[in-house]
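Reading through the C-alpha cells given below for one structure.
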Amino acid sequence: MADTTWTHKSPDASFTHTQDEESDHRKVATRLKETFEQEIVFYNKGQSHPKQQAGKAKEVSLKTVKVARNGRKNPRNNDNLEFKERKFQESGDCHNVQSTERLSGKGFHQQQNVWPPERSNGNIPRVRTPKKKKKKKKNKAPPCEGPSPSLEKLLPVLDPSGDHYYWWLNTMVFPVMYNLIIIVCRACFPDLQHSYLVAWLVLDYTSDLLYLLDIVVRFHTGFLDQGILVVDKGRISSRYVRTWSFFLDLASLMPTDLAFLRLGPHTPTLRLNRFLRAPRLFEAFDRTETRTAYPNAFRITKLMLYIFVVIHWNSCLYFALSRYLGFGRDAWVYPDPAQPGFERLRRQYLYSFYFSTLILTTVGDTPLPAREEEYLFMVGDFLLAVMGFATIMGSMSSVIYNMNTADAAFYPDHALVKKYMKQQHVNRRLERRVIDWYQHLQINKKITNEVAILQHLPERLRAEVAVSVHLSTLSRVQIFQNCEASLLEELVLKLQPQTYSPGEYVCRKGDIGREMYIIREGQLAVVADDGVTQYAVLGAGLYFGEISIINIKGNMSGNRRTANIKSLGYSDLFCLSKEDLREVLSEYPKAQVVMEEKGREILLKMNKLDVNAEAAEIALQEATESRLRGLDQQLDDLQTKFARLLAELESSALKIAYRIERLEWQTREWPMPEEMAEADDEGEPGEGTSQGGKGRTGQEGLPDPE
C-alpha cells in the first residue's frame, strides 16, 4: 500500500501520484498557508512583512509553479473543491490578492486549484473577487406594512398642531363630558336610568364609537422627530402602542357592557371605565387656551366647569347616601319622596345640588349630621371645599396677574409718572397734558413698545410680523421705493411708534435732524415761527425729515430742520433714527448709493443742492482716496523691504552658525596641551574626563543622554 497510486483525469491530461508525493504537497500547502496568513495579518495592520525575504519568496514560488505544472492535487479535497473555491471567492477576508498571485506565478488558485488547508479556528482566508450580480427578487410588501393607497387617501396623517386635529379634540370633548356627568347621575338616580333607557343606550354606544374612532385617529397622528413631522404610519403606530395613552384607551373601551346580560341594563356603573379617556379632555382645553383670543376668559370658564362637575358628583353621592341611609330618617338626608313635591326627579336633583353647594362653599345653614356616615361625608366635603377654595383663589389670582402683566406690556405705567410729577411739583397744565396722553393710549389701544412685546419671537418671525403691519407705510416713502425687500424688512424692525398730543411740536426749525417721520394717523401742520400761521397740512401716509438723516454732499441746509412741524390733534407717527438707518445701510452699499441719488434729486427740485460744493467735496474725497492708495502702496513696499532684511538676517545667522560649528570640529583635531592633559588627569572640577581617558568631555560636547 506504500506505493498506492491514483489517477486524476482532466480535460487536459491524466496525472499519476503516489502517497510520498502527496506528503510533499501537504508540506508545500502548509508552508503556503503560514506565509499567506502572515501576510494577511500584516496587510490588515497596514504594515509590510518584516521577514519577507526575496530568497524564501522565490523558493516558495518555484515550488508552487512546479506543483501547478505537474497538476498534482490532494484527492481528499476533491469532493469539497468547488464549494470551498466558491466560498473563498465570495468572501472578502483577504485583501492582499497581489501577494497570492506572486506566490503562484500566474495566480495560485487559478492555475493550481489547490485549496489552502483550513485554519485551526475554522476560518478560511478569503480573497475579494468580483461578485456575480444576482437578480434581486421583488419581494411583495406584507399587508401589515401599510394600508392600500386608497386607504392612505381616506386616512391621512394628521399634524398635531393642525386644524383638523384641533377640531377632532373639540369633538372628543362631548363624549368625555357625557360620560363624566351622566354616568354618575344615572347610577345615583334610578328614576333617571329607568325613564330614558333607550336614549342612554344610544348615547352610550355613540360615545363608544367616537372612542374607537379616537384610537384610529391616534394611529394616524404624526409626531415631531428632531423638529420634523413623522408621517410614517409604521413609526407612528409603534410609538403609540408603547405609551400609557394606548393602554388607557384600550381600558376605556373594554366591553364591560357584556355584564348587562347577567346584571341587567340598569347598572350604569359598569361603564365607569370610560372615565379613563379624561386626558383627551384636558388636552383639548390646553389647545383651546393657546388658540383662543381671550385666554383669561377661557381659564375662568374652565374653572367654573370644573367646579360644576365637582358639585354635580358630590350631589349625586349625597342622594345615593340618603337612599342608603333611608329617605326622611333625619333632617340631614333627603326628605321622604312620599311627601308632596319631593317625588319628582327634577326636585331630587336640584335639592341635592343645592345641599352640596352649601357644603362645598362653606356657607353653612345645613342640618347637623346625626350618623357616622353623615359625619364622614361632611368631613370629606369640608376638606374638598378647602382645596377647592385654594384652587379658585390661586386661579383667579393668576388670571388677574396675567391681565395686569399684559396691560403693563402694552401700555406704559402712568402711576410712576404721576407720582414723579407730584413730587417735583409740576404745574397743573403740564400734568394734565401727560394724563391726557396716557388716557388716549389706554382708550384707543395705542401701543408704543412693539419691540418689547415681540422680543421673544425669533428674529425672522418678528420681521415677518413687523412687515405685515408696517411695510405698506414704509413703502410710501419716496427714497425707499424700488429698494431691496430685505432692506425694507431690516428697516421695518427699526421703526419706533410715537404718539403726539394736540399742539405738540414734532420738530422745530434749526434743530439737528436725527430722525425721519412717517405719518401713520392724524394731521400735522407746517407752521411759521409764531406757531399760528399754517403753510401746509400733512396727513396720513406722508413723511418728512428724510433728507436730514442722509449725508448728501452739497446739501445747503446741512442736517438742520428747515420748518416747524406741529401736531393738530393726536397723531401717530413712525420714527426712524439716523443711527438705525446707517447701521442697516452698512450692509447694503448699493442701496445707500441709490438713496443718496434720490436725495440729490429731491434737493435739486427744492433748489437746496449746491452743485459746486458737491463737486468740491467729490474732488476732495477723490484726492483723499488717491493719497490713501499711495500710502497703501508705500506701506506694501516697506513691508517687502522689511521681509527681505529679515531673510538676509536669517541667512547671515545660518552662515555664522555653520562657520562656528565648522571651527569647533577643526579645533577638536588640534593636539591637547600638556598642562590641560595633566589637569584632566587630576580631575579638576568643571573638567570631567571621559571613560577610558579618551579625551575631555568639554571637547566632545555635552554627554550622551544615555
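Cβ atoms here come from the backbone N, Cα and C positions, even for glycine.
Here is what TrEMBL records for this protein:
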{"type": "COMPBIAS", "residues": "1-17", "note": "compositional bias 'Polar residues'"}
{"type": "REGION", "residues": "1-27", "note": "region 'Disordered'"}
{"type": "COMPBIAS", "residues": "18-27", "note": "compositional bias 'Basic and acidic residues'"}
{"type": "REGION", "residues": "44-148", "note": "region 'Disordered'"}
{"type": "COMPBIAS", "residues": "79-93", "note": "compositional bias 'Basic and acidic residues'"}
{"type": "COMPBIAS", "residues": "128-140", "note": "compositional bias 'Basic residues'"}
{"type": "TRANSMEM", "residues": "303-321", "note": "transmembrane segment"}
{"type": "TRANSMEM", "residues": "375-396", "note": "transmembrane segment"}
{"type": "DOMAIN", "residues": "479-585", "note": "domain 'Cyclic nucleotide-binding'"}
{"type": "COILED", "residues": "606-655", "note": "coiled coil"}
{"type": "REGION", "residues": "669-706", "note": "region 'Disordered'"}
{"type": "COMPBIAS", "residues": "675-685", "note": "compositional bias 'Acidic residues'"}
{"type": "COMPBIAS", "residues": "689-698", "note": "compositional bias 'Gly residues'"}
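Residues 299-300, 303, 307, 310, 314, 317-318, 321, 356, 359-362, 369 of the same chain, all 6+ positions outside the transmembrane segment (375-396), place their C-beta atoms under 8 angstroms from a C-beta of that stretch. Model confidence over the domain 'Cyclic nucleotide-binding' (479-585) stands at 82, taken as the mean pLDDT rounded to a whole number. With DSSP states grouped into helix (H, G, I), strand (E, B) and coil, the domain 'Cyclic nucleotide-binding' (479-585) comes out at 20 helix, 40 strand, 47 coil.
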